[in-house]
Amino acid sequence: MKTTNIKPKPTVFTIFGGTGDLAARKLIPALYNLYLDGYMPAKFTIVGLGRTDYDNQKFREILLDGINKFSRSGKADAAKWKVFSSCIQYLQSDAKKDKTYQDLEAIIKEKDQEWGEESNIIHYLSVAPQFFPIISKGVATINIENKEQRNRIVIEKPFGHDLDSAKELNKLLQSLFDETQIYRIDHYLGKETVQNMMAFRFANALFEPIWNRNYIEHVQISVTEDIGVEDRGGYYDGSGALKDMVQNHILQVLCLVAMEPPVSFNADEVRNRRVDVLRAIRKFGHEEVKHNTVRGQYASGWVAGEEVLGYREEKGVDPNSNTETFAALKFFIDNWRWQNVPFYVRTGKRMHQKASVISIQFKDVPHPIFPIEASESWQQNRLIISIQPEMSIRLQVQAKRPGLDMILNPVDMVFNYDGTYPAESPEAYETLLLDVMEGDQTLFMRADQIEAAWELLMPVVENWESRKSINFPNYAADSWGPEIAEALIAKDGFHWFTMPVKNKKDKK
Ligand SMILES: NC(=O)C1=CN([C@@H]2O[C@H](COP(=O)(O)OP(=O)(O)OC[C@H]3O[C@@H](n4cnc5c(N)ncnc54)[C@H](OP(=O)(O)O)[C@@H]3O)[C@@H](O)[C@H]2O)C=CC1
Ligand SMILES: O=C1O[C@H](COP(=O)(O)O)[C@@H](O)[C@H](O)[C@H]1O
């Protein structure tokens with residue numbers, strides 16, 4: 001998160017998995033947009049790695065295609081792309097071979113000489129997780145001066161597939177690098193609206209006094225997607241919604257809602273407050289898993305007039321798969337601020353709407369003074385923080401409808417990014433890649449945060465794995481998930497909040 005105007009030092013940015021999907025769709029467009037906005041270092045080189053037989057020219061063409069398709073700034077500007085792409089090179093290489101790291105060492109040394117100063121070196125591991133250990137060990141063998149100050153390593157998700165594997169990976173990384181050199185990505189933390197949670201809570205005096213069990217009745221965090229698993233079935237079938245979304249993104253958003261105010265904006269100070277929340281969440285026993293968690297899997301159906309496959313028919317998915325594509329959980333946070341305030345979270349694929357929304361419902365007024373007909377559409381105060389696609393904050397309050405009678409209606413006080421800030425917001429990866437170049441770890445996961453999140457969810461993982469006889473699929477494509485998810489929240493007297501759908505025809 002940029003807090004200074006100092007340009008990052010000269011940088012060698014290596015992308016392991018440079019020929020892959022993430023590099024083309026997210027990483028290169030993000031670096032290109034940083035370049036357009038003047039944030040890239042004055043001297044930089046991007047080295048893409050992969051086994052595919054490309055030369056520099058072909059590699060650049062593939063990346064240009066990715067920018068033209070996926071960049072928020074639209075098609076690349078020919079002149080700007082020419083300069084930017086002249087800083088991109090391809091290293092055909094196998095991550096398993098020592099030669100890869102020897103070749104990289106030569107490139108880094110050559111750049112040091114050319115630039116006349118030592119660069120920062122960022123190694124981005126945009127590869128399948130089985131390559132994290134071998135590449136980490138490989139880059140640690142690169143023999144350059146002052147490598148502790150210069151090397152940074154970025155690890156993509158998934159970070160482990162359970163607590164033990166996450167611990168093992170942390171142990172390995174920490175034996176090779178200092179924690180200050182390790183950047184574990186959670187792209188949700190780079191989203192503009194997610195970062196704004198901290199500004200909203202800690203730069204305004206208004207909300208802090210009511211941000212607790214005395215005024216808040218319950219909290220919902222809902223991350224629904226209208227797409228299915230698309231072409232990632234092979235990965236997803238070994239993961240599922242709990243590991244893919246709850247263990248990382250959703251728990252981190254929950255931490256931002258629930259954390260205590262940090263005393264400063266220092267990276268470790270903020271991360272300490274976030275991990276405190278994870279440690280305070282009440283642990284699940286067998287009974288809690290039974291009563292406070294729900295899972296689901298989508299069936300085939302129709303979306304915007306097109307027939308779509310059920311999860312079990314998707315490419316790369318076991319036809320008898322019991323992997324969940326939907327998860328909903330109820331948490332309690334055992335500390336003074338949040339005692340007895342339920343936090344409901346849900347996420348799912350192939351649902352009716354793509355929307356990531358936090359809903360904070362306040363307690364009702366202590367005594368009703370208006371006649372019953374005045375309050376027909378009574379709605380307790382609610383704060384709706386919409387992360388995406390709408391980027392907004394709405395405070396729902398009751399107001400008197402104009403007229404001679406006393407009829408009340410809920411109305412919204414709205415801060416909408418679109419209306420307030422005409423310029424398009426940077427993508428999460430732009431924020432996060434700039435942070436890596438600047439050496440700011442505030443929005444990255446520390447080892448203890450990752451482990452605390454896994455520790456919390458392991459009883460759910462284990463319980464779900466041991467109870468295979470489930471009635472999947474249990475929700476239709478284009479629905480709001482399984483009925484039992486509504487029951488999870490309805491038994492406490494609440495309902496899942498849904499954003500009004502603006503134009504259903506816009507759906508993919
Ligand atoms: N794609 C996405 O939307 C997201 C991806 N991620 C994570 O990002 C990472 C990358 O994902 P994604 O880009 O989709 O994966 P892809 O399957 O598209 O790419 C994998 C990359 O790994 C490279 N690779 C495989 N084996 C070797 C090897 N032996 N030596 C060198 N390179 C090798 C491939 O290059 P080549 O074949 O040329 O050797 C390719 O560039 C994963 O950890 C994923 O979980 C996270 C969030 C979203
Ligand atoms: O990490 C992941 O996130 C995406 C959702 O991200 P968003 O930025 O589009 O909300 C999800 O589709 C994917 O399964 C998961 O791996």
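Positions of Cβ are set from backbone N, Cα and C atoms, glycine also.
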Additional site residue, ASP237, ASP244, ASP334, ASP364 [criterion: listed by TrEMBL with HIS187, LYS191, GLU225, LYS349, LYS354 for substrate]: ASP244
Residue among recorded positions HIS187, LYS191, HIS249, LYS349, LYS354 with Cα closest to the Cα of ARG51 (NADP(+) binding site): HIS187
Contacting recorded positions for ligand 1, chosen from HIS187, GLU225, HIS249, LYS354 when the Cβ sits under 6 angstroms of any of its atoms: none
Which of ARG51, LYS157, HIS249, LYS354, the listed recorded positions, has fewest other Cβ atoms within 10 Å: ARG51
Cα distance (Å, whole number) from LYS157 (NADP(+) binding site) to LYS349 (substrate binding site): 18
Candidate with sparsest Cβ neighbourhood (10 Å radius) among HIS187, LYS191, LYS349, the listed binding-site residues: HIS187
